[in-house]
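As structure tokens, the structure follows; a few thoughts come after it.
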Amino acid sequence: MKSSITLLNKTYQFRDLKDILAKANEEKSGDQLAGIAANDAQERLAARHLLSELTLSDIRNNPVLPPEEDEVSRLIEESINEKIYQSIANWTVSELRETLLSDNTTNIEISRIRRGLTSEMAAAAAKIMSNLDLIQAASKIEVVTQCNYPIGHKGTLAGRAQPNHPTDSIQGIKASLYEALSYGIGDAVIGINPVIDTAESVKQILQMTREEIDRFQIPTQNCVLAHVTTQMRAIKNGAPSDLLFQSLTGTEAGNKAFGISIDLLNEANELIQKEGTSHGPNLWYFETGQGSELSSDAHHDIDQVTLESRCYGLAKKYKPFIVNTVVGFIGPEYLYNSKQVIRAGLEDHFMGKLQGIPMGVDVCYTNHMKADQNDMENLAILLGSAGVNFLIGVPMADDCMLNYQSTSFHDIASVRSVLGLRPAPYFEKWLEKLGIFENGRLTERAGDPTIFI
Amino acid sequence: MKEKQIELIVQKVMEQLQAKFPSENRVDPVDKGLIFTERDWETSIPKPAFQEGAADLTASTPARIGVWRTGTRPLTKTMLKLQFDHAAAIDAVGGEVLENYLQEFELFTVETCYENKEVYLKRPDKGRVLTDAAVQTIKERCQHRPQAQIVVSDGLSASAVETNLKDVYPALLDSLKLSNLTCGTPFFVKGGRVACMDHIGEILEPEVLVLLIGERPGLVSASSMSAYMCYRPRKGIVESDRNVISNIHPLGTPPVEAGAHIGTVLQKMLEQKTSGVKLEL
């Protein structure tokens, strides 16, 4: 593998593939904090040039984290289809980019290429793609999944209703849920982040959402985003859960810091297959986000884009119903400003879709980042154009429990309206029956949560 | 943001507007200007299907619901209120605690290696270490090996210090006095992170240390403070060795109560010679 490049008489030398991958990234405060970012803009471009000329076999033959040392690496390595890999092993990263963007490459071809790719190859492609490249390539890919009801069809945009409450008040959660539904949001999932991580509390919230879904015959699925072990206890105690949730990282050590392993996920997977309330086949909800490995010192000097891509490689094993990157939640030491958040959102969505993941994005920021609601509205529109499967819906974008800002019910309705996107098909029919949606638009009745009381 | 501050801002804007557009039609000369209180931002659903239920819904959660819409977009007031709350959070992060405010409490100022706000946000590690000059200063000015050491820091919210210190600090001193604890020389750390406690612990070797520090601002409150406490703080201390009282602000944990409570916790640390998860409260 080549590790140096000379651009107009100036030679840039890199240590190894890990070094090239890190330095090829767009500027991210997290890579700088890890001490692995390019030293200046020209070195960044030198790394990107060199990366574009490396072959896919170079990437596979130089693992950033050897399979012997890490179970996520092993899983990704074992999932490759060797015949398809052999057919593309000599492609350069540049050729991969150009193939993905070519008019002759459709969703079908990409589905085939995907089987020969590792997560590191997907990350490499993203690094040499511009923002509009990421949008264009992702927009070709359709990933339809089904829990109780299917989502992800081209031309649709679903929303997760995230009716969190600072003390898990059942009445309070219900109130925000009604508001969400009245704006046509909730087709991806009704998913609550609990304050209290106990099986009993999780069970109560799951029961309430199950009752509401039954009462109004809502074509959706429920989930409570507690730690997977808590959800497992709740399900064993009879809690009605359609989906299992868990946050993932891209390394074994990172997952250990999150209190999970592949063994544990396998055990949970068996449980949801046997005792979940949905027929599926897709019964998992995962969340990811650039920087989580570094935050638990489990990054092995690998850059945050590559690590994020590995999360999707891990997620794929469980055939998730939905996955979303919580793109700006982690703070300015990983993504400093709106430019970095927007870039990360587009990268994550593309890398996930390329690996066949039903990607959504929590377009969000914390108050100590250099970003505001305008930046989130921009990114929401960009992702809507890129064909994102779902966005997160929070009352007026202000999550009063998690203390960060995301996208609002109004925002999702607006992205649908501006880009001509529809809710998930069964959900749209339900909204029409209720009289809050007509001809692809909200009606006069929409926005009134009291219709659900 | 308090009503008075809002009034002041609105008044200022109105004065500027009057200067800019001195039309008599536009501004009533005897009008004092627009006055917004929390209630004035409230919007409601014009014709709810179930009128009585609407109030129950909004009362059940602090979430911004029942706000209505124009097309798919929020009403102007709802949108401006969100931006206003975010503005307070932005100013809290970017703000600085005024020197003469700190002098009221006889706090002198030292700095961490944070350099500037941007580096502070990007490099949490730098906010955990005091500068050489700071080390020198506190060695010279502070009592060595005190029973209790109080340190104040802006952290992520300068306005947290300005809002709460006047209530927390005297209550804390009173509570220490009541428990017969002697207090070292308090000071202010500019650009501090929680773990700067460990560095200060190395230098001054107090029995117990309390750090009053501004929290990451939320939209509910941009001025929330936390009190981190540790028995014999040293380098290598882990998170679970510290105790914390968080959410200290007028609408959260009341500052005066927090001050008194901190004294009690510190006394227990001294009695049990430990802190963090091992401390029995």
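Positions of Cβ are set from backbone N, Cα and C atoms, glycine also.
On a predicted model such as this, the values are computed, not experimentally measured, just so you know.
Sequence annotations record features per position, and here TrEMBL assigns substrate binding site to A:Arg160, A:Ala161, A:Gln162, A:Asn193, A:Glu287, A:Asp362. Its Cβ placed at the centre, A:Arg160 (substrate binding site) has 28 other Cβ atoms within 10 Å.
Of all Cβ atoms in the shown protein chains, 23 besides its own fall within 10 Å of the Cβ of A:Met401 (adenosylcob(III)alamin binding site). Secondary structure at A:Met401 (adenosylcob(III)alamin binding site), taken from DSSP and collapsed to helix, strand or coil, is coil. Sequence annotations record features per position, and here TrEMBL assigns adenosylcob(III)alamin binding site to A:Pro194, A:Gln246, A:Ser295, A:Met401.
Here A:Gln246 (adenosylcob(III)alamin binding site) is compared against the binding-site residues A:Arg160, A:Gln162, A:Glu287, A:Asp362, and the shortest C-alpha distance is to A:Glu287. Ranking the binding-site residues A:Glu287, A:Asp362 by C-beta neighbours within 10 Å puts A:Asp362 at the top. Comment: adenosylcob(III)alamin site residues A:Pro194, A:Gln246, A:Ser295, A:Met401; largest CA to CA distance 22 Å, whole number. Cβ neighbours of A:Gln162 (substrate binding site) (same chain, under 8 Å, six or more residues apart in sequence): A:Ala180, A:Gly191, A:Ile192, A:Asn193, A:Ile392, A:Gly393, A:Val394, A:Asp399, A:Ser406. Around A:Pro194 (adenosylcob(III)alamin binding site), the C-beta neighbours below 8 angstroms that are at least 6 residues distant in the chain are A:Asp168, A:Ser201, A:Val202, A:Ile205, A:Val224, A:Leu225, A:Ala226.
Rounded to a whole number, the distance between the Cα atoms of A:Ala161 (substrate binding site) and A:Met401 (adenosylcob(III)alamin binding site) is 14 Å. When the Cα atoms are compared, A:Glu287 (substrate binding site) and A:Ser295 (adenosylcob(III)alamin binding site) turn out to be 16 Å apart.
In this structure the residues listed as binding substrate are A:Arg160, A:Ala161, A:Gln162, A:Asn193, A:Glu287, A:Asp362; their two most distant Cα atoms lie 15 Å apart. By a simple count of nearby Cβ atoms, those within 10 Å, the most crowded of the binding-site residues A:Asn193, A:Gln246 is A:Gln246.
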